[in-house]
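Below is one structure, written out as structure tokens, with a few remarks after it.
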Amino acid sequence: MAIQREIGEPLRNRIHWMAGTSCGGIMASSMSVGIDLSDALRIYIVIRKRIFGGNTQMFPKHSSHGIETCLQEVMGPKTPMAKCTAHKLVVTTAKVTLAPSQLILFRSYAPRIDPKEFEQLGYFNPNKILLWKTIRCTSAAPVYFQSFNGMADGTIFCNNPCIMVMTEFQKLKKIENYRGKNNTDEIGCVISIGTGIEPSAPINGIDINLTHGITGITGNWKEVFANAKNLITVFLYQVRCFGFLGYC
């Protein structure tokens, strides 16, 4: 919003590619369907209690019903990613049914090639990917929300998507030029926006030592559970980011 005030017009009018992870994925998706940043902030404030409405069980912290209902209301229940034609949108998520987890990219575009070749080159058909489901995947923060179709928060694998989207830019250009589509786009500017740096806080450690197997918990169960909590805390302390590309 500060950048918009400086340039005197919506930021989305000056950019061509957008990529986001987690909350950044929500913001990038909102802008790609024409929702102004100030309107997105207003929507956040209005529906926040419906999204973070708690849960009847200990974990996850919040029920998925609230966020899924709100996403469908705002983005539309049947809006495909292909509808985001004003920009090329990339949203990250992590496939957590594999170990280690795998980076999955949902894109609003695909190379100008035969759709039968999409899967071979690592692309989904954007006409078959619903926007609200894309956002649900990238915002499925562990502990806070249940994973969605085996997908979880994009920060698990791609905390800052800027390098990724720059790689995607070059990949698309290379594929299309190889197929004779004459892609002459060049990156003119990259804008990277994050949520800041998490303040450091002291923790006692993350080591979980069981000298006598599972029975070893009896004597030092407080330390074991405290360190297990610290391990989760270290994992969850991530910075959500999103990036924009402008090309010449």
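Each residue, glycine too, has its Cβ placed from N, Cα and C.
Worth saying up front: this structure is predicted, and the values here are computed from it rather than measured.
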Range annotated as motif 'GXSXG' in TrEMBL, from 10-14, 20-24, 215-219: 20-24
Rounded Cα separation (Å) that holds between D153 (active site, proton acceptor) and S22 (active site, nucleophile): 6
DSSP-derived helix, strand and coil totals, residue by residue, for the motif 'GXSXG' (20-24): 2 helix, 1 strand, 2 coil
All-chain count of other Cβ atoms within 10 Å of S22 (active site, nucleophile): 29
